[in-house]
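Reading through the structure tokens given below for one structure.
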Amino acid sequence: MACKNPKKFFPIRKSPVLRDGAFKGKLVLVTGGGTGIGKAIATTFAHLRATVVIAARRMEKLEQTARDITKITGGTCEPFQMDIKDPGMVSDAFDKIDMKFGKVPEILVNNAAGNFIMATELLSSNAYGTIIDIVLKGTFNVTTELGKRCIQNKTGASITSITAGYARAGAPFIVPSAVSKAGVETMTKSLATEWSKYGLRFNAVSPGPIPTKGAWGRLNSGEMGDIAEKMKFLNPEGRVGSPEEVANLVAFISSDHMSFLNGAIIDLDGGQQHFNHGSHMGDFLHSWDHKNWEDAENLIRGRTGKEKA
């Protein structure tokens with residue numbers, strides 16, 4: 001049963017938890033930083049006086065987000081184009097970042113992702129591969145590009161990846177994402193044991209239900225407000241989370257206050273993983289027929305503007 005008075009017992013705090021100037025002099029890279037959770041993470045680091053780089057494929061959105069963050073925080077936020085699926089483009093982006101700032105990032109947040117709901121028997125190999133390429137291979141590309149440069153330069157870094165509870169529990173209808181996120185979590189723990197000798201540490205944050213237009217628009221066929229309202233009753237705390245809560249946790253574990261935290265997977269979900277297998281996918285999806293899936297696919301593609309894979 002969900003809490004009936006979450007505002008009293010589980011209030012949402014959106015202001016930065018660390019002191020002002022906590023990341024002064026630090027260079028932070030956030031992939032997928034143009035929208036949603038990534039934007040909130042970038043904004044929080046900028047509030048805390050880090051020099052922030054946001055990276056994604058679409059420059060137009062990135063440039064607007066960078067302007068917004070700079071205006072809101074008075075800090076520094078720079079956009080860099082990066083298709084994380086392309087190792088060459090990732091390397092080029094790091095070259096440009098190094099050229100502009102004279103160093104590679106001391107903090108990396110792997111937030112770029114892709115996901116959608118689909119009955120697995122209707123899932124094409126191309127669609128499956130697209131998510132693997134973005135989430136698993138893309139995270140590997142960015143992480144190892146930074147890691148190799150840090151090793152060569154003898155500089156340390158904190159790397160945090162955004163994953164999901166269903167990476168461990170599994171989940172229906174989002175198999176490509178579950179497989180990819182599980183790989184990212186295993187990579188996180190593996191590199192924590194291999195690369196700490198070089199001054200690198202690795203952790204992952206696994207958010208629960210966080211309503212964002214990008215992620216939830218690809219996972220649900222209903223309206224955002226309706227979906228969030230339903231999700232409240234599927235969470236022990238009786239509410240959904242906010243991007244700012246994820247951002248505060250990421251900032252905290254990226255700070256020197258948490259330098260002994262390494263190889264950890266931290267769930268931030270109000271207890272969701274123990275309530276609904278961490279997937280946020282209701283049992284109602286099991287009753288859908290092919291017509292329901294076709295209608296949902298067309299609606300979701302209309303939101304993202306993408307052709308069928």
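Backbone N, Cα and C atoms are what each Cβ position is placed from, and that goes for glycine too.
In Swiss-Prot this protein carries:
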type	residues	note
ACT_SITE	Y166	active site, proton acceptor
BINDING	28-60, D83, K181, 207-210	NADP(+) binding site
BINDING	R57, F116, S124, R218	substrate binding site
Expressed in Å to no decimal places, the gap between the Cα atoms of Y166 (active site, proton acceptor) and R57 (substrate binding site) is 26
Within 10 Å, the Cβ with the most other Cβ atoms among the binding-site residues G33, G38, P207 is that of G33
Binding-site residues considered: T43, S124; fewest surrounding Cβ atoms within 10 Å belongs to S124
Binding-site residues considered: R57, R58; fewest surrounding Cβ atoms within 10 Å belongs to R58
Whole-Å Cα distance, V28 (NADP(+) binding site) to R57 (substrate binding site), is 18
Using a 10 Å radius on the Cβ of L48 (NADP(+) binding site), the other Cβ atoms enclosed count 24
P207 (NADP(+) binding site) -> DSSP, reduced to three states, gives strand
Whole-Å Cα distance, L48 (NADP(+) binding site) to R57 (substrate binding site), is 26
Among G33, T43, V53, P207, i.e. the binding-site residues, the one with its Cα nearest that of F116 (substrate binding site) is P207
